[in-house]
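Trainee: Annotation comment: Swiss-Prot describes 1-24, 45-257 as region 'Disordered'. The zinc finger feature in Swiss-Prot is assigned to 19-48. What Swiss-Prot lists as compositional bias 'Basic and acidic residues' is 74-129. Under the heading compositional bias 'Polar residues', Swiss-Prot lists 149-168. Residues annotated as compositional bias 'Low complexity' in Swiss-Prot: 209-233.
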Amino acid sequence: MGDKKSPTRPKRQAKPTADNGFWDCSVCTFRNSAEAFKCSICDVRKGTSTRKPRINSQLVAQQVAQQYATPPPPKKEKKEKPERPEKDRAEEERPDINPPDEHPVEQRDKDKSEKEQPEKEKKDREKEIIPAITKKPNSKKNRPKSDIHQSPPSERNSIQSGKSTTKTKNSHNSRPKLKNIDRSTAQQLAITVGNVTVIITDFKEKTRTSSTSSSTVTSSASSEQQHQSSGSESMDKGSSRASTPKGDLSLGHDESF
């Protein structure tokens, strides 16, 4: 045992010689000079092996004053008050532990019904939005027709009568077919509302419709002019016939005298 301790002793003595007499405080680990008998920070004597610091009376007094400055009694009263109702609550909650388990099915049904109602409302709104969107292209298609055929009232009357006949026909058919439209000029527009996508196809009118309508108007106008001219010719002939017998009568009277 003595042999083991012998090599450790010279090592302890060698440290101060290597550090030129400086020593580390065993409490605050501050490196003091060799001349200092006590630590310059914590006033611990040189060579003490304990790390327990000395109790400073001033610091202890300050800490005690801070502890008593905060009012601990109201905290204790708050803790004591809920302790009594907690026991009462525990007794009241014991019979109520089972009832929430008895009605889980009703709560689930209510939750499902509440979730289904907004979903149905969303679907109804989407259905209302879709027809409003589908009506837009029809209004666009009808506008150019009114712009093209704004000449005489006779054409408007004929167009209105044609529209009325087409409406009556379309009322019977579930899906009306579009007429006087070039299928080659198809423009598709995709509109998405929520999870529903609506595709709208726009078609342009044929150029022949305007020429045929103008030709029909000109033919009707020419027929009216022919009727008027024939009526005027018949009136001229009647007037000439009525004038000739009067002249003959006048001549006969002259001859008799």
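Any Cβ shown, glycine's included, is placed from N, Cα and C.
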Trainee: Under an 8 Å Cβ to Cβ limit, what residues of the same chain, 6 or more beyond the ends of the zinc finger (19-48), are close to it?
Mentor: 54
Trainee: Run through the zinc finger (19-48) and tell me, per DSSP, how many residues are helix, strand and coil.
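Mentor: Breakdown, helix to coil: 0 helix, 6 strand, 24 coil.
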Trainee: In this predicted model, what is the average pLDDT of the zinc finger (19-48)?
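Mentor: Averaged over the zinc finger (19-48), the predicted model reaches a pLDDT of 85.
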